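Step one of this worksheet: look at the structure below.
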Amino acid sequence: PEPAHSLTASREAFGLALATPGTSPERRVSKSENRSPSKTGGRARMLDLASREIEMLGWQGFSMEEAQQNCDARAMRSSLRSPAEVLAELQRGNARFWMGNATRPEKSAFEKRGLISKQFPAVAVLGCSDSRVPVEIVFDQGLGDIFVIRVAGNGLATSTFASLQYAVHHLKVKVLVVMGHEACGAVKAAIQFQEPADDSASSEQAQLHDVLRQMQHDLLVGESREPALSRMVDARARDREAVTRNVRQQLMKLKADKAIAGKLQAGELLLAGAFYELSSGIVDFFNESAGPIVVPVGAAGVPKDARIASPKDAATPDPDAAVPTPPTLSAGSMRASSDAGLHR
């Protein structure tokens, strides 16, 4: 067992680090702990060492107050990270997952007690309800690490938007992610949705139809600006384009929120879209932004009779029609439109 003075010193350093933010707590620690300013690297490092030692010695028993102090220290360390650092950790977690090296982080009983009083996730994710896309597992995160909202088709409505606003303004998350996924049934249903002819059938699934109408509307808005789905023959490419387009529409709605846009512009928040590939476990991030957005003119709506055309709807080309000059392609624009800006 560790000597009693080690536990006492850890607790003392821990309390001092929290209580005196303007001082160097490492100077107040017992010399037997062998800490110096040069070795600890500042207050954040000191908090890390002290809280880890308390965790290792947790079997000796701790009060609720001490658990809360440890939780406060971890919250403070988390708050020191930049949005870019938080996103990088999220990407590393996904890499561990799809490479088969997931750590499956579990909180100790000591840490769980601390989480009773507060939560401090650094990331909020709006994802799909699909059982194959469990957000914490996909990013190899544990209790209290991610604030998750899951709904079919990862769409924004009153409750989901309010939940994200809570995460941004009250929990102070650094990164906001909207994540779609391969083979999303909700997106496919939205593309194929047609108003039911039978009123009874409509009333039985009224809420579901409302969601599909809104999602179809969002997809049509994107299609009116950048027709692509109608041109795609490959089913997998068409699926990916539809899902990422739906994600981009939700990102646009979030960026149109003045308070969220203000945090983006101030560098306090990073917003990103994501696409989870069921077949590989890889999450591609795209449309990352930490600044204002210009919402395209005409994005508010589309004609009521509009629909997303399928490849078979394409008209037979006129042989006498002028052939448009293809645009010049640069090395960076050689990828498909659905993959623009994606990286792993």
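Sequential numbering from 1, following the chain as shown.
Just so it is clear, glycine is given a Cβ too, placed from its N, Cα and C backbone atoms.
Curation plays no part in TrEMBL annotations; they are all automatic predictions.
Computed from a predicted structure; not experimentally measured.
According to TrEMBL:
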type	residues	note
BINDING	C128, D130, H181, C184	Zn(2+) binding site
COMPBIAS	25-36	compositional bias 'Basic and acidic residues'
COMPBIAS	308-323	compositional bias 'Low complexity'
REGION	1-44	region 'Disordered'
REGION	308-344	region 'Disordered'
Long-range Cβ environment of D130 (Zn(2+) binding site), under 8 Å and at least 6 residues apart: A152, H181, C184, G185
Same chain, 6+ residues apart, C-beta under 8 Å of the C-beta of C128 (Zn(2+) binding site), given in sequence order: R150, V151, A152, G153, N154, M179, G180, H181, C184, A186
Additional residues surrounding Zn(2+), by Cβ distance to the C128, D130, H181, C184 centre under 8 Å: G127, S129, R132, V133, G153, N154, G180, E182, A183, G185, A186, V187, V243, Y276
